[in-house]
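What follows is one structure encoded as structure tokens, with my remarks underneath.
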């Protein structure tokens with residue numbers, strides 16, 4: 001990988017600037033040839049409003065949720081975007097200030113209100129944000145924009161209108177769910193979230209939302225917790241951003257980045273505290289892997305896996321083979337929390353400053369861990385992994401735990417392979433060969449990478465002064481190869497005449513097939529989905 005790429009012009013600052021929404025879709029100028037079978041919409045979520053009045057948002061995950069859509073139809077492409085009408089957004093617009101505390105930005109009481117109304121706000125407790133800027137996914141026949149709280153927002157994927165706010169905690173015992181659910185082929189959705197129950201007992205709940213109902217009722221009303229995984233620390237759940245799922249198993253990685261519950265519950269009484277202030281690192285626990293079976297869903301308390309400390313946001317894929325579970329992850333080494341480095345001031349710095357900050361941050365690495373299922377008959381001290389194609393090891397310790405060492409699939413100093421995607425519809429939870437990701441260069445997204453998880457070979461798309469986003473894989477209808485299809489990414493090229501474009505790459509070799517350029521800057525997007533035309 002070309003790690004020497006520099007960004008002295010600092011064009012990346014542009015992807016962290018406020019934009020206006022559009023009144024109607026605008027048409028794109030196409031160069032190259034968009035495959036004729038590609039007919040649908042690329043839907044993406046990200047922050048789009050980075051200050052309200054004269055009050056700034058401070059963290060990358062604070063900007064107000066903006067939904068983007070590139071529509072592909074009869075070889076024509078249009079681009080459209082709209083802010084989601086969340087409570088956080090509507091109230092900010094109404095009062096021209098930050099009203100609801102976001103991930104890294106505190107909301108202060110309105111200075112114009114009198115002491116009594118301030119006093120009441122103080123006792124009303126937590127107002128949890130519904131700023132759904134992270135991802136969008138289908139539940140049944142509907143589409144929801146999500147963040148990591150229990151609030152999800154139903155949207156219309158065609159008009160981008162906001163339909164309604166749904167509180168999952170009305171139906172499920174969870175205090176938040178991730179923005180990275182898994183789906184079975186029939187549309188059943190699985191997700192994981194923290195739950196703090198009676199007398200502060202703490203657990204992680206895996207939830208299940210059934211597919212579209214024949215009687216047209218809302219599947220969310222029939223959602224349930226299927227299995228509960230214990231927390232290793234009583235008052236400090238680990239931060240959870242995604243999890244692994246195969247046909248038969250769930251894999252949950254408990255990392256040393258913790259939410260201090262007591263701080264969290266009291267934080268809201270202290271002026272100026274944010275979610276970020278409630279995180280801390282446990283520098284002695286390392287990282288734990290938990291397993292549960294899927295059907296019936298049972299926690300495997302007998303299997304205790306441990307390894308050294310890392311931060312984890314994204315699972316790439318998980319599959320089972322010959323009595324082993326293979327878990328591929330985008331890790332960041334150590335227990336220092338990566339989100340500490342994602343404040344906007346950090347990301348908007350001059351290039352030399354950005355590089356300096358990234359030097360201090362945890363270092364990224366793509367790793368493969370292998371978990372043996374059969375652990376009873378083995379003697380301790382011996383590597384239990386008997387798969388020919390991996391160097392990952394698992395060793396039984398005297399205390400009955402199993403110590404894991406990974407195989408490194410990709411590593412480059414301050415060069416991350418992140419926001420991973422695979423051919424999910426055919427290879428999710430199954431043995432696979434390829435992952436596609438966004439290359440972060442000192443946290444700045446500047447390339448798209450394809451990684452062979454078998455040979456470790458990489459392919460790269462990169463262009464000067466271009467800042468791409470997570471590449472989504474769309475399979476060619478009837479394709480027989482795993483990588484038969486295209487990658488779709490929204491790219492920003494700040495100096496260009498048409499600075500925002502949809503990039504279409506051939507997934508086999510990352511050669512450009514087409515780009516559809518629009519005359520507007522598009523801010524950073526986090527995750528999204530491709531919706532085929534019905």
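Even glycines carry a Cβ here, placed using N, Cα and C.
All protein chains shown were included, and the count of other CB atoms within 10 Å of the CB of residue 241 (Fe cation binding site) stands at 20. TrEMBL lists 180, 241, 314, 527 with the feature Fe cation binding site.
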Other C-beta atoms that fall within 10 angstroms of the C-beta of residue 527 (Fe cation binding site): 22
Cβ neighbour count (within 10 Å, all chains shown) around residue 314 (Fe cation binding site): 20
Check: same-chain CB within 8 A of Fe cation site center, minus 180, 241, 314, 527: 134, 135, 178, 179, 242, 313, 315, 419
